[in-house]
Amino acid sequence: MWVTRIIERSGHQRSAGVNQSLASLKRSDNVENQDNMDEDTDMSKVMGFSSFGGTKKKAMTFDLDSILEQTKKTAQERSRKVFEEREAARGSDSSDEDRMPPPPPRPRSGPQPSTSAASQKPSPDSDSDDSDSSDDEMIGPPLPPPQKTAAGKDADEEFIGPPLPPRDSDEDSDEEEEEDPLDKRIPASHEITLEHGNKTVSALALDPSGSRLITGGYDYDIRFWDFAAMDASLQSFRTIQPCECHNIRSLAYTITGDMILIAAGNSQAKVFDRDGFEVLECSKGDQYLQDMAKTKGHVASLNSACWHPRTKGLFLTCSDDSTVRIWDVESEGKKHKTAFKARSQQGRKTGVTSCGFSRDGKLIVGGCEDGSIQIWDANLNVHTKYLQRTAHQNGAGITCVSFSYDNRALLSRGGDDTMKLWDIRSFKRPLNVATKLQCFYPMTDCTFSPDDKMVVTGTQVKKGEGNGKLVFLDRETFRTVDEIELEDTGVVRCLWHYRLNQIIVGCSNGKAKVFYDPNKSHKGAKQCVVKTKRSMKQVETVVHEQILTPHALPIFRENRRGRMAWKQLVKDRSDPLRSHRPDLPVSGAGAGGRLGATGSTLSSYISRTIAPNIIDDSNPRESILRHAKEAEENPVYLGHVYKITQPDPKLAEKTLEQEIDEQEAKEKDTTPAWKKLKLA
């Protein structure tokens, strides 16, 4: 067999090379031994001893020829076994293929090992041509023949490695059937409730990692919730009121989660850091300018705001002043970067009630008060790139617009109780429409599921008229997949986080609910529900209340503390002058030089004897008039003065109060002067 010949030839070649290397090693060993002997002789002559180790031990010797022979036999046996197994596996091949010469060797990287003609011994079966070309033949076991693919090409041209087993179409169909239905993908088996306040939760935001949640409401407050730090009591760790008396309308985290964007009922958006401290406040525009693009900022109340999905520091705001503005954090809110103006079909201003970026940040969408959806290119603010005038009912407004994760579809929620799905590539007609979705709040949300297979929105009801619902619809058909009822409240905000796979809902009763599934969700609410409530540590303390007596004697003033003060107090107690109690008032007659309380002083004597307490019940008018006749006949003071100039006294006909009333009546009279003269 050609396999046996190749093995023997390779063995002879290897043995010749090893013999040469062993001969060279022996020669070098003899030279080293001779040098060592010369060094030992010199050392014994100079120092008196031949070596440092006393008796020199001999090195171990090995029979290299026997080791080489054993190695060669072992290699031949292993190679023969391998090739016999391969030949047995090719039992289907013909005998002609068995006698074929080995395939030509493949080129290898690096220098090839050279062989010597003297060490090669041609086998008796080989002819003269084989012996002459022995140097060109491959050394070692031959490579297996190349495998053929179904197309007849080499396997190396198709892929590297063993061929993959064929897959049946039945297996693919089985995998598709094993996927969970849409209603089983909703993580809503469990829920927790976060108490925000007593008024509507109008804004929600989760950071990209899903560790912190912020809620804002009509009570002007923003609450911070940390899932990793909360326990089962579900208490927020911080509450701020960033915009005074303006309700919160929109909240958003940056793509890195280090800043928060706040849009309230005023015209100035604010940016806070992760811990709730203000970073910047946008400028307010000039409301007297006609061109809104020339103002520094918004001049009317904000409706929505969001961050750029790719670029850190850029954010978007929309307002009732018919503009959508892009801001940059680096400019510190002094002036907007770009302004987009929304116009109605008549060319007039129309308020923008919702806005957003596309997933790649190249498009900007705005939902307007007249029911239109206007989409601009982020780099061109002159004209709209896509426009739909009759997206929703005129005057109802658009509460939310949201792009899908594949960036091809747009979802809009209107105040006309409808939700519509649009294809950006064909923007004339909606793909699907859902109706009878009651909407009473101007910030009612709608969003896509993380796998883009479902859309989610909420419905509201009037107080005492039923329950609100969280509605899940199939994206392809808008068929209702599932509905979650919330008792005696409506769903205003909804958020489906792609990383946590949890749904956060803001309700109209001031509560926020988090829906999750222990098997499908990750972290978030699962971290806090497993923690027990922290028990309140009751510490009994005695509070020393100091009584302030500024007019007390120095010994009784409680302004001393410490050991030295106590020593001073004991010393003062022993002093008869410092510790003398004030004298009590004298009762009865005086004694010891002190006067009694009554009867012992001059003032008390006069008040008791000379000026007794007499009550006069007579009429003072009668007492005066009884002297009128005598005063008229015999005037004493001023009567004789008026006898010459005014013998008969003239008294006033009206009192002063009557004169003031008449003057006020004349001033209130609104009759024109010419009319009074005519009447007269």
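Including glycine, each Cβ sits where the backbone N, Cα and C put it.
Annotated region 'Disordered' per TrEMBL: 8-57, 72-188, 572-593, 660-680, in sequence order. Feature annotation from TrEMBL assigns compositional bias 'Basic and acidic residues' to 72-90, 572-583, 660-670. What TrEMBL records for 101-110 is compositional bias 'Pro residues'. The compositional bias 'Acidic residues' feature in TrEMBL is assigned to 126-138, 169-181. Look at TrEMBL and you will find 194-235, 295-337, 345-377, 391-432 tagged as repeat 'WD'.
DSSP labels the residues of the repeat 'WD' (391-432) in these numbers: 0 helix, 19 strand, 23 coil. The DSSP breakdown of the compositional bias 'Basic and acidic residues' (72-90) into helical (H, G, I), extended (E, B) and coil residues amounts to 18 helix, 0 strand, 1 coil. In the predicted model, residues of the repeat 'WD' (345-377) average a pLDDT of 93.
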